2 protein chains.
Amino acid sequence: MKTNTSNPSLIAEGNSETTADTAQLISNDDASTSNYGQLNNHANFHDFDDDDLHGSHGVRRRQPLQKIEPGSMNVLSAKYESLDYDTCENHLLLDEERKRGYPFVVWKDIARWFIILLIGVITALIAFIIDICIEQFSNIKYKELKKSVDKYVLMDKLYIPYLLWVLSNICIVLIGSVLVAFVEPVAAGSGIPQVKCYLNGVKVPRVVRIKTLLVKAVGVITAVVGGLAGGKEGPMIHSGAVVAAGISQGKSTTFNKDFKIFQYFREDHEKRDFVSAGAAAGVSAAFGAPIGGVLFSLEEGTSFWNQALTWRTFFGTVVSTFTLNVVLSAYHGHPGELSYPGLLNLGKMEPFPFQFYELPVFILFGAIGGLLGALWNYINYRLAVFRIRYITAPYLRVIEACLVAAASATCGFLMMFLLNDCRPLGEDPTKVPLQLYCADGEYNSMAAIWFQTPEASVRSFLHDPIGSYQPWSMLLFVACYFLLSTWTFGLAVSSGLFIPNLLTGAAWGRLLAIAMQDMIPYCTINPAKYALIGAAAQLGGVVRMTISLTVIIIETTGQISNALPIIITLVVAKWTGDFFNEGIYDIHIQLAAVPLLPWEPPPLTHNIYASEVMSHPVFTLRTVENVGHIVELLKVVSYNGFPVVDPPLADETEVTTYKRLRGLILRSQLIVLLQNKLYNENANTAWSNFNVNMNMFRKEYPRYTSIDKLEISEWEKTCTIDLRPYMNPSPYTLPHRASLPRLFRLFRALGLRHLPIVNDVNEVVGMVTRKDIARYRVWRHRGHMGMEELLLSSEI
Amino acid sequence: MKTNTSNPSLIAEGNSETTADTAQLISNDDASTSNYGQLNNHANFHDFDDDDLHGSHGVRRRQPLQKIEPGSMNVLSAKYESLDYDTCENHLLLDEERKRGYPFVVWKDIARWFIILLIGVITALIAFIIDICIEQFSNIKYKELKKSVDKYVLMDKLYIPYLLWVLSNICIVLIGSVLVAFVEPVAAGSGIPQVKCYLNGVKVPRVVRIKTLLVKAVGVITAVVGGLAGGKEGPMIHSGAVVAAGISQGKSTTFNKDFKIFQYFREDHEKRDFVSAGAAAGVSAAFGAPIGGVLFSLEEGTSFWNQALTWRTFFGTVVSTFTLNVVLSAYHGHPGELSYPGLLNLGKMEPFPFQFYELPVFILFGAIGGLLGALWNYINYRLAVFRIRYITAPYLRVIEACLVAAASATCGFLMMFLLNDCRPLGEDPTKVPLQLYCADGEYNSMAAIWFQTPEASVRSFLHDPIGSYQPWSMLLFVACYFLLSTWTFGLAVSSGLFIPNLLTGAAWGRLLAIAMQDMIPYCTINPAKYALIGAAAQLGGVVRMTISLTVIIIETTGQISNALPIIITLVVAKWTGDFFNEGIYDIHIQLAAVPLLPWEPPPLTHNIYASEVMSHPVFTLRTVENVGHIVELLKVVSYNGFPVVDPPLADETEVTTYKRLRGLILRSQLIVLLQNKLYNENANTAWSNFNVNMNMFRKEYPRYTSIDKLEISEWEKTCTIDLRPYMNPSPYTLPHRASLPRLFRLFRALGLRHLPIVNDVNEVVGMVTRKDIARYRVWRHRGHMGMEELLLSSEI
């Protein structure tokens, strides 16, 4: 197994010691997913009427021999397997449909709603547990630290509480970091890029396992309690996705347990729908934003729009918010009071009036947010490349996480100590007011910000009265937290970037409000208003979401009146940021070399033809095929789909001779057929086996045995299989003269995994997979655009 | 031209006198859109391996000879043309791409944003004008009536103001009704079903014309001012769609003016995107709901999900709301104050606390809303069928509208007069307090409700203090308004159903709150809260939207805290209503026999094959074709797409002989080619015409000349055309053994218009169009489901 050196925050390498059971999986993925990639040689297979229309204009075409640098943005990994959303309409499916009829359709529909209900409830409960753990542990930690500060400040031995702080941070972060780095590397980061890839149709290994969920939950608690500049929102979204995958499939690979329920949902298509609902439920639980959850799932993840699915997703998010509100209100001592404002993460905002002439201010805020966001993304990107190149070993990653934990404490301590920003104790919401060097009856305002979770700090910036903070301390805080948060995202810990960016933005928003107040002293400027606008602008500049982010902010502050300013700010932030680079999630996805399909085909590519894009020669199977040949083929090549063709005439024996396409069969299907020994000695008694049904395939889904593990005797190899009852008899195909946009649209709209390319007489001449299409990528930079062709590599 | 007897509210018949200029269009549509429908004879064209899997289980298959009743729900009209979202990738397109390059792509992108900006601004201005007209005219009308009542109540001659009221209603409604019935019948009703059909890919004739917009605007003003139980929201959405279509195409058929701008957006795909954004901008302007607008467009209309399009749509809705707020705030005397609560249609709601134990109450409200909504839909459906059968002549439709106008006034008058529900004058928001028989210092509360626009009445129910209304008068009002509103929807006037249903719901919500207060006297029940929940439930029960409706209600009341109860209520209302019948828009679409494609293929149809669905024989053209043959073919058959096949061998001459598919050419393309005389005397000098470009086709879009109007000499008929540079060289195809769900998904996902069906050697054996697929429809009723096959008819 090759050492995986891709972006650690998205797909981290497995450690040979602790992840021995997953190593097989990865190597299996490695082997089976290099779909046609390596063999793709861009041969000239044209028989068009007019070759003069060929030629690429303005395409940056990479040379295959160019050396691939780790951390390159221009490579696609051949390692990722695709999901297959196309239904295999073989005879078994028809049989099942006929036997079960409409009552089964109704029953499946009811089961779907029930599963969504479960997903909503469980996601909310997990979010609740994470919430409470973070709150309780943070309280304990900061109260102890306060005691220590109060004690040693009199003795002038402040280095003792400082060391205590550093040490506690490191110890707590160490737990999560070790878990992430050694046990489940895919649990690192926010999880949103991984979920986005999954929903786009790329199978990211181990991303929806229960083990990942456990590591993620513990990881995010340690990260936030450990004082890192990270949030819990991303991990909660990921948790929702895992819960959805687990419940809908009715089995767990981690616990090796099959509950034998919901078997009929064991296919990529159904699973994806549930995962998308789960991610939405996660957003909903993280922010108390049911509508924002649905929109997030649509804006960031979903490739397909379907009304029924959206309604189910909506139901899931409502259940999730409702459950969370019920348990949280009980926890806060207001049982059943579902409109208790303490249930909103950012606290209930007051409506603020705004005027027509404030429009330039909102646009300015948006532009600043876009610029700062682009800078944040750029720094984070450089850091990520550095990590991919040099911080590859798990222990190094743990050390880095501890370093950041120490740095966070140091930053906080220096700011509290050096900026003696004293404020009188009032009706301030801070839980741990620290006196430090302030006079009696005063507290250190920076300590109030640092001695709580980042989420509570955002609340402070959004709700504290005018004059709670000094401009200089705010400025230093912005600079400090901006750098800390961009350093933190991508560490070997589970933490998101929503809250840190909201905090940075709220801080500079408040700072600008103070500055404006100084410039226009005759009118009162509400700092809370601009803190909110700043928070939205900064986060929008980093993640580049608009609609879902607007709704999330509205729902989490419980105030719709502020919608228009927030929307304007977010749109400007997105435009400004997009001028420089892409959103942070897309940057990380590109660094991980994931073959993500964008929304639209690259423009001006109608002169790139399927014959250039496809890989060939194609390995085909005959409708009635020899078992030995199948075994041989599966062992030799690593492809996942094989066109089934008419039996060749007596004088044709080579597999590469083009044949009429009859269907498409998947590697997984062939393996299940071989496993169940569904072959006959006599080729003429085809499909006599009537007790074969779809459940045979569902039982194995999604992890099929490797061909090397099957034991097939020499005698068995002389048998034959009639593939016709099992194959997909009418796969979507395109002629070799179809253009790239045409391929792209078919692939994207239908969520395909394999697309056979045929010639004029319906003979298979090539195969197109996701990577062949994802290789063509459009770039936009500072108003210019063009198209580039990425390299495919099996090394990354 | 046949008299069109379909549902008048969706597609009304043209009158031969006043719509002479549109008659040609319809007959053109009639002729050209019976795509393969009539010829479809379900022949047995199978060559499967196993015929035993055939047979339909549980399919209600209608007999073609069955008589079609007007108003039947089980027929599809062959009259509707489809839109074509597939790009024709011919050489002209490639040429254009190569010449213009990436700067053109960037420029087009900028132009798209600019058009969206214009759409937002203009839609908002139209909404503003409609708003102001309604408000001003209503004020004048009710003030005059009040004067008259005040005068004659003392003389005991109340029949005079009553007659005045009836007369004024009839006169005002008459204007709009005549316009709708005689000038532009497609402007009837809310326009939402038509826009929904358009976005689904069905060309509803004249639906996005400027004439329609004008009639609609005048119609909606007269309808609301005329006292009908109708709202302005649906028409505003339709207006947005018309504005979008007009601006994006840069030309107007009504004014016969081509501005020669935005020519490159003259294709179905681009136009649909703009129309979808325009509809969203309309919602946004109607409700002040930018997010709700985007969601409405997604939930009700869009067939495709695309991130970039959604962002543009969002931008459009924001511009629309912003513009409307700017002009409205100036109008209300608070210029620039964009958070002025008077800008919200339903007034700013206060947040209301709610408890866990209220959940059953919300569910109960949802169930009642679902039941009442289903009943409303049923009554309206029966009325619509009655209208289709008996009220077909335009003058009858005008009389019916006037009758309803008189009935509305009578209802109001009787309620005011008989229920002497007096309340003390307080800080009540009613503009026209009518004393009638009340004591001095009191006013008649029913008069307050009837003497204002329905929108203002909703505001009254949502905001009036406890005890403003008596239970019995509320009950009578609910019954009365329920019947009036269901009678009004479908009349020959332009009016929507949002506001009337919100009003009915708010009334029964308030009524239930009073009842609950009586039952539980020891706690204070806020009637406003339940009025809002009731309004949501009733509207949800009728239209069956969930997410978009939630957001619209939240945005239009400016209060997010009430989200959770509203959501729960709406979900329950939808479930309850769906148990009995479909949403009102779907009912009207089915009555109009529109071949709307649902979201998913019907279940259990994997055993229906393309060979059963397709129409055949197919009329094909050769790659180099004789002009006379093309003209003949276009005159004889009415199909819109022709497969282009390899030239036949010497002994094959019949057009029905199957040939290898080389491409697909549209009727419209052929007509443009003939119009421009792009043919050669000598068949060998193919495509020498280098100054031919895409603009030739764009200039004619979307209304092409009829073949009968082209003059082609006998000599010209001996020339030949090389179709290859113009045809689509690689249309999507499917094999004849592909199943219906496969056909469906391809068709739906890619927005196709024609799908050639090929055999195993890539010869065309049939064609599938939208109607062939839309014929298979799933039905669900009271927990049961099944599949039915609709009839195709060219008579409806």
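Don't overthink the numbers, they just go from 1 along the chain as shown.
Backbone N, Cα and C define each Cβ position, glycine as well.
Whatever TrEMBL says is automated annotation, not expert-curated.
Worth saying up front: this structure is predicted, and the values here are computed from it rather than measured.
Among the residue ranges B:274-298, B:524-548, B:549-573, the one that TrEMBL annotates as transmembrane segment is B:274-298. In terms of C-beta pairs under 8 Å, the stretch of B:110-137, B:158-183, B:274-298, B:354-378, B:398-419 lying closest in packing to the transmembrane segment (B:310-334) is B:274-298. When the stretches B:110-137, B:158-183, B:274-298, B:354-378 are ranked by Cβ pairs under 8 Å to the transmembrane segment (B:398-419), first place goes to B:158-183. Within the chain carrying the transmembrane segment (B:354-378), a Cβ under 8 angstroms from the stretch's Cβ atoms is held by residues 482, 485-486, 501, 504-505, 508-509, 512, 516, 529-530, 533-534, 536-544, 562, 564-565, 568-584, 587, all 6 or more beyond its ends.
Listed by sequence, the residues of this chain that lie at least six past the ends of the transmembrane segment (B:110-137) yet keep a Cβ under 8 A from its Cβ atoms are 172, 213, 217, 220-221, 224-225, 232, 235-236, 239-240, 243-244, 247-248, 262, 265, 274, 277-278, 281-282, 284-286, 312-313, 315-324, 327-328, 331, 453.
Tertiary neighbourhood of the transmembrane segment (B:274-298): same-chain residues 115-116, 119-120, 123-124, 126-128, 195, 198-199, 208, 232-233, 236-245, 247-248, 265, 305, 309-310, 312-314, 316-321, 324-325, 343-345, 545, 547-549, 551-552, 554-556, selected by CB-CB distance under 8 Å and a gap of 6+ residues from either end.
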